[in-house]
Amino acid sequence: MVALDSGPVLGKVVPGRCTSPVAEWIGDQGLHKKWDLVCGDSWKVPLTSSVFFIGVLMGSFVSGQLSDRFGRKIVLFATMAVQTLFTFIQIFSTSWLLFCALFFIVGMGQISNYVAAFVLGSEIVSPSIRILYSTVGVCIFFAFGYMMLPLIALFVRDWRMLMLALTLPGLLYFPLWRFIPESPRWLLSQGRVEEAEAILRDAARRNGVTAPEVIFQPTQVESKGEKIHHHNICDLVKSSNIRCITIMLSLVWMIISIGYFALSLNTSNLHGNSYLNCFFSAAVEIPAYIMAWLLFRYCPRRFCLFSMLFLGGVVLLFSQLIPGNQSSVSVALEMLGKFGVTAAFSLVYAFTAELYPTVLRNTAVCTCSMASRLGSISAPYFIYLGNYYKSLPYILMGSLTVFSAFLSLLLPESHGMPLPETINHMQTVQGYKKKPTSYNLTSDTAEEENMSEML
């Protein structure tokens with residue numbers, strides 16, 4: 001909805017000029033017509049998008065800590081209910097302010113259930129499936145939904161009916177409560193060993209595998225005693241190593257988010273049909289996610305992230321050099337840049353989940369996601385800068401993306417390593433002199449394999 005409603009306006013509203021927004025996205029009964037968001041009030045259109053992303057920012061801040069405290073499953077379904085309910089209530093908005101207030105809550109719910117689902121899936125699947133799930137499984141269905149959005153909007157022009165169409169799929173998730181288990185890793189981190197073993201034994205039974213009599217050795221449970229204590233966002237900056245990792249990842253996430261959302265919102269400013277451009281922008285994400293999966297499966301993590309960020313950044317920098325009469329080439333280059341940035345977005349999610357321990361994984365992913373929302377909040381205004389100088393958004397996005405590519409090379413390498421369980425298990429940043437605290441790699445690997453056989 002953000003892309004469809006605000007995209008055309010961002011590129012068509014020229015400062016100091018009374019210009020009507022392009023109505024082809026949302027028809028005669030669109031938001032801008034309903035509340036007269038033109039001329040002197042045209043600034044409210046990009047602000048509407050930013051309000052949604054501010055909600056995403058706040059959701060990223062609180063949902064990770066709630067998920068690490070109360071569990072992945074309950075936060076997933078609770079926030080899905082929030083998103084579905086408040087999207088439906090938006091249909092009855094009587095003012096722009098009320099619509100924005102509800103949009104803020106929808107943003108909070110949307111990011112909360114997305115991250116909770118991502119972390120839950122990463123923790124309950126086997127290592128061989130985890131890469132496929134985190135780079136393709138989650139993201140590719142997002143791309144399919146993204147592709148359907150301009151197609152639905154093409155035929156459903158009334159914004160209230162469009163909101164209703166976006167609400168109905170959320171109802172399909174609630175019957176899945178009985179089929180989706182809580183994360184055994186999270187249960188174990190809370191000292192709830194019996195519940196974790198029960199889930200694994202049930203998974204083994206469903207998969208036709210005989211579960212061992214003792215799944216978790218007493219020494220393994222005792223070594224995780226640290227995780228019985230509740231952790232919070234402050235633990236992400238306590239030591240210099242984890243602080244450096246958090247700061248660098250936050251910057252990388254923020255820059256990727258600027259590029260991704262700015263390019264997504266900019267489709268209406270490209271040559272050709274706005275609906276078709278939006279569809280292409282969504283469709284290019286599918287090969288991007290497949291590429292991310294292949295890279296993540298076979299290559300070191302830092303190389304994967306660097307290569308996609310560097311590709312996206314360089315393409316965006318060169319796209320400004322294309323002559324104005326070569327519009328098709330310009331569109332193709334922008335889609336290639338979107339390809340690189342999208343692949344990087346998929347990779348950084350999975351990479352971040354591998355770097356942080358179970359006790360902080362959801363909090364860390366949500367904190368980095370929160371940092372990325374600073375980028376998404378500013379993304380509409382990056383596109384708005386194009387009204388002053390056409391190439392300025394591309395120069396800024398390209399330069400920042402190349403910078404983040406080189407910054408990613410300083411992160412630890414997690415390829416071939418088991419998921420860390422405690423803070424002491426974390427890898428160190430490149431060039432960091434303090435040696436990481438050693439832990440029983442054989443024991444953790446054995447536990448990982450033990451769980452994998454049953455899952």
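For all residues, glycine too, the Cβ spot is worked out from N, Cα and C.
What TrEMBL records for 1-416 is domain 'Major facilitator superfamily (MFS) profile'.
If you look up TrEMBL, you'll see 43-62 (among others) marked as transmembrane segment.
For 74-90 (among others), the entry in TrEMBL reads transmembrane segment.
Summarising the annotation, TrEMBL assigns transmembrane segment to 96-120 (among others).
Through the fold, the transmembrane segment (132-155) approaches residues 1, 3-4, 25-26, 117-118, 121-122, 125, 162, 165, 275-276, 278-279, 282-283, 285-286, 289-290, 292-293, 296-297, 345-347, 349-350, 353 of its own chain, all at least 6 residues removed from its boundaries and within a Cβ separation under 8 Å. Positions annotated as transmembrane segment by TrEMBL: 132-155 (among others).
Beyond its flanks by at least six residues, the transmembrane segment (161-180) meets 1, 4, 26, 73, 76-77, 80-81, 83-84, 87-88, 90-91, 120, 152-153 of its own chain at Cβ-Cβ distances under 8 Å. The feature transmembrane segment is assigned by TrEMBL to 161-180 (among others).
Summarising the annotation, TrEMBL assigns transmembrane segment to 242-262 (among others). Under 8 Å from some Cβ of the transmembrane segment (242-262) lie the Cβ atoms of residues 53, 235-236, 305, 309, 312-313, 316, 337-338, 341-342, 344-345, 348, 352, 355, 364, 367-369, 371-376, 378-380, 382-383, 393, 397, 400-401, 403-404, 407-408, 410-412, 423, 426, 429, 432, all in the same chain and six or more residues away from its ends.
Marked as transmembrane segment by TrEMBL: 274-296 (among others).
Annotated transmembrane segment per TrEMBL: 303-323 (among others), in sequence order.
According to TrEMBL, the transmembrane segment annotation covers 335-352 (among others). Distant neighbours of the transmembrane segment (335-352): 118, 122, 131, 134-136, 138-139, 249, 252-253, 256-257, 259-260, 263-264, 280-281, 284-285, 287-289, 291-293, 295-296, 301, 304-305, 308-313, 315-316, 319, 364-365, 368, 398, 401, 411, 414; these residues of the same chain sit at least 6 beyond its ends, with a Cβ under 8 Å from one of its Cβ atoms.
The transmembrane segment annotation in TrEMBL covers 391-411 (among others). Remote same-chain residues near the transmembrane segment (391-411) are listed as 245, 248-249, 251-252, 255-256, 258-259, 262-263, 266, 301-302, 305-306, 309-310, 312-320, 337, 340-341, 351, 355, 382-383, 385, 429-431 (criterion: CB distance under 8 Å, separation of at least six residues from the stretch ends).
Residues or ranges marked as region 'Disordered' in TrEMBL: 435-455.
According to TrEMBL, the feature compositional bias 'Acidic residues' maps to 445-455.
Long-range contacts of the transmembrane segment (303-323) within its own chain (CB-CB distance under 8 A, at least 6 residues past either end) are made by residues 252, 256, 259, 291-292, 295-296, 329-330, 333-334, 336-341, 343-344, 347-348, 351, 390-391, 394-395, 397-406, 408-409, 411. Counting residues 6+ beyond its ends, the transmembrane segment (96-120) has Cβ neighbours under 8 Å at 31, 35, 37, 44, 47-48, 51-60, 62-64, 66-67, 72-73, 75-77, 79-84, 86-87, 89-90, 134, 138, 180, 182-183, 349, 353, 361-362, 365-366, 369, 373 in the same chain. Within its own chain, the transmembrane segment (74-90) has Cβ neighbours under 8 Å at 59, 63, 66-67, 99, 102-103, 105-106, 108-110, 112-113, 116-117, 120, 163-164, 166-167, 170-171, 173-174, 177, 180, counting only residues six or more beyond its boundaries.
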